[in-house]
Amino acid sequence: MSTPYHETGSGPALPHPPAPGAPGPGGPPGAPVHPQAPVPVLPPARLSPRVLLIDPLRTLRSLLLPLVGVLFVGGFSPRSFLWAALGVVLTIIYTTVRWATFTYQVVGDRLELRRSLIGRSIRTIPLDRIRGVDVSTPPLHRLLGLAVLRIDTGASGEESQEGELNALTVADAERVRTVLLRRAAEVHAADGQATAPAAEPGAEGTAVPVAPATPPPGAPEAQAAAPYGEPPAPPEHTLARVPRRWLLYGPLSGAYLLTPFALVAGAIGVAFQAAEEFGISASTARSIGEWLLAHPYLLIGAAVVLVLAMPVVGGLTYAVLHWEFTLRRRDGFLVAERGLIDRRSVSLEIARIRGYELLEGLGERLAGVARLRALVTGLGDARTRGQLLPVTPRRYALGVAAEAVWPFTGDLEPHPRAALRRRLFRAVAPWAALAVAGFATGWPVVAWPAVVLAVLGVPLGIDRYRALGHTFDGEHLAVRSGSLRRVQAHLEGRAVVGWTIRQSWFQRRSRLVTVVAGVGAGGGGYSAVDAGEDQGVEFIARVTPDWIRPFRAEGERAPAAGRAATDATPPEAAG
């Protein structure tokens, strides 16, 4: 007996949910489905056939230089064109066979990616490992109405180790993403119920199963349970939509100012690769270099143009990457969409968000703007995928963080004045020593720049001290540090899985410690730098009082001399 499916264009056909009392596969009505043969939630399906217009182009792009080399070596003879054409034909055949032998499906609690090109390969991704599903539309895909769907499993390693469906139609990509995220949520809920202790129905403190409520009279049919083949559009709430005028803040981020240099470095690399492919001798390259050195005004002009292009090219790059940035809350996820040429959509499960970071470079602080990034457990490539806001006014970023994650109203507690002395010493002393050595050895060309840097180190050290702080408001903790790159991290108190108290020899003489809160999200640990000894212990006691009690009972002994550390872990972890 064949299973009825919905027709969904070129995308996957999804089965109707079985009706109550319907027969299971190969059994009478009411018979359960055999556990070894789960009913597919997402039946086997192939990628869109339109991908056959993209895959050959992507493969030929990597073979472009070898094909051109074949034409050059053959002197553009008919035989050389024949060999080049044969390479193109073989590429098209190869990509067609790859498309025809690849299928994907969701069966039970797992996603299966099957490929049968030469040997059969089945890759299984458990749904409970899915941390997010991202959808992007590169330029060629957008022209053909296609999208790339990537599945983040939180595994360490290269991005290619994650699941990828390249390419689906845009509608099918959204449909598959909805099915995967909902099924993953169902699996998580089922696992939670399976691990919960059983209780007598109706006993005190237990929940009694209640029949699902029916839609109220006159309610739209869309509110009723929809078949799996057409999951209803989940309700969403727009949290932030970045105006285009705020894209002008892009050049304030130092990384984007270096874009022209990255482009020049890439062009030089391509030139060297082309020279190797076309057999340009080293003597020819040396002659070009000597000619440029003989005309220094060309190099000076190129350097001036490069410096002037830094804010322009950096701003354009930033605008292309963050065009129409939108943050929405949808069906238990935060969905960030951005990009002009390559439109990208990233989903972050709200239940896995443990806090957020407010990042401010020096130029951004002077302009009163900041960036916002979520701290999510098990998120791969968190630096880019965890972004909640690009550069926006700081007050606006704090408002979005309060609505998207949770508000934080505590004031940071300043650190002792001894921390100011350490900041000044570290910012001034190295350059002052270099200046003294330069004057003593008769090298003023080294000494005077060191004097300038030592003088500039004074306001830098003061600013770094003013950045230090930490606090705990009863539920959430916050730590802050940095000057040229200031980071203020806000974390849930329950997200802390351990503490590390570090104290160097210099810190011990000043009675300072660095307290690191270990978490399973973001960078893995967030530090309250150069806090007072009593201040650091009190901070730990406020967040996790039970964990620090054994150490306080031992007299709060300071770490040993040198670079020592004390780890505080939860009692259940230690046992």
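Each residue, glycine too, has its Cβ placed from N, Cα and C.
The compositional bias 'Pro residues' feature in TrEMBL is assigned to 14-38.
What TrEMBL lists as compositional bias 'Low complexity' is 194-211 (among others).
If you look up TrEMBL, you'll see 558-575 (among others) marked as compositional bias 'Low complexity'.
Positions annotated as domain 'YdbS-like PH' by TrEMBL: 99-178 (among others). Across the domain 'YdbS-like PH' (99-178), mean pLDDT in this model comes to 83.
For 465-528 (among others), the entry in TrEMBL reads domain 'YdbS-like PH'.
Under the heading region 'Disordered', TrEMBL lists 1-38 (among others).
Residues or ranges marked as region 'Disordered' in TrEMBL: 191-234 (among others).
Taken from TrEMBL, the feature region 'Disordered' covers 554-575 (among others).
Annotation source TrEMBL lists transmembrane segment at 82-107 (among others).
Among the features that TrEMBL reports, transmembrane segment is placed at 254-275 (among others). For the transmembrane segment (254-275), the residues of the chain that approach it from at least six positions outside its boundaries are 65, 285, 306, 309-311, 313-315, 317-318, 361, 363, judged by C-beta separation under 8 angstroms.
Within the chain, the transmembrane segment (295-321) has long-range Cβ neighbours (under 8 A, six or more residues past its boundaries) at 244, 247-248, 250-251, 253, 256-261, 263-264, 338-341, 390-391. What TrEMBL lists as transmembrane segment is 295-321 (among others).
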